[in-house]
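All remarks here apply to the structure that follows.
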């Protein structure tokens, strides 16, 4: 942002979307994120807000406030909503905006001629691999993927099946944040799948502006939340780019300035996520104590893990598709163990953990799209994983006792950050 009358206000809204998007309400009908996106689209091109532009900014603020009022009934108690309302009031005061006046819908920022999407002369710092010329060794890449019921492959090639209902951080480092929201596949079931995905690319030097990407069930956009397809107006903006591979089903995001490739798919009703990222970027965190708070690095909390291998063995022994234990209700009888294995073998001939995940998902959901999710997840591994000898992962040779969760070195305590956020939410509500 430039130094203008609105620099302080716009600085606030550089931070606010990160906070709002990383910690949204769980499966809430509140539409505050839509209001945020509309406001950003209306104001993101205003690098300098002089006095002559203040009326236009006030119009955008009134439209923002009007949007929040329309969704107020469904946002009661929502931290993101109350934070936005409080921020709007502050900006109204700072810019001497009247609450009465035009509230036309925010206009989408149009890209100028010769937009940076066409630039190929990005600075070297905006190309991660080129910047490695000063190092003796090439970067070491890692992979993380989330798909299906959901199944997680971490940056360290640990494979887990998790419940993790609600909003969970997948990645959180100095360059980007990724959060998923998982919802129950069947009413009353502990089996969940990813219904929403938010990716925040943080502003980086002369390369990219902050960009937010959001996908939900039945909505896989081929653009960022502000309508753009690259990193904005900076000289190296072409180092961040979205490409649509299959309309409404498959997009790829290239973030060359951090050597990162992200693949997002919609398979059936649910989303899958896969990323290739340098270890240096994975470990780039300011607070080392909070490094373990995201799933791609440390995996799921112990109490959120499902021992699907024991479940699979139980189904094979009984010869019928039926969950064991009070926390896993009976699924539709669409597949037996034999028919599920036969179906999965059509796409996944190697009986590795992707194959076993496929069988598990068919037995627990009866939805054949979960077979495709496992298949595409493995296809993404083949494209993104740097070690071709580690594409297939297999179950442990040591069997787990029925009812035991998958092993973990340390059970998780409630992260201190979440406790702080809970306290903060109470503070906001007390002020409003």
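Just so you know, glycine gets a Cβ as well, placed from its N, Cα and C.
Other Cβ atoms within 10 Å of the Cβ of residue 207 (disulfide bond), summed over all protein chains shown, number 25. According to Swiss-Prot, the feature disulfide bond maps to 126-207 (among others).
Feature annotation from Swiss-Prot assigns disulfide bond to 144-296 (among others). There are 25 other CB atoms within 10 A of the CB of residue 296 (disulfide bond), with all protein chains counted. DSSP assigns residue 296 (disulfide bond) to a helical segment in the three-state reduction.
Swiss-Prot lists 96 (among others) with the feature N-linked glycosylation site. For residue 96 (N-linked glycosylation site), the Cβ neighbour count at a 10 Å cut-off comes to 8, with all displayed protein chains included. Taken residue by residue with DSSP, residue 96 (N-linked glycosylation site) is part of neither helix nor strand, so it is coil.
Under the heading N-linked glycosylation site, Swiss-Prot lists 140 (among others), citing sequence analysis as support. A coil conformation is recorded for residue 140 (N-linked glycosylation site) in the three-state DSSP classification, outside any helix or strand. Listed in sequence order, the residues of the same chain lying 6 or more apart from residue 140 (N-linked glycosylation site) and placing their CB within less than 8 Å of its CB are 278, 279, 386.
Under the heading GPI-anchor amidated asparagine, Swiss-Prot lists 404.
Per Swiss-Prot, region 'Disordered' is recorded for 99-122.
Under the heading signal peptide, Swiss-Prot lists 1-29, citing sequence analysis as support.
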Three-state secondary structure, residue 207 (disulfide bond) (per DSSP): coil
Inter-residue Cα distance where the pair is residue 207 (disulfide bond) and residue 96 (N-linked glycosylation site), in Å: 34
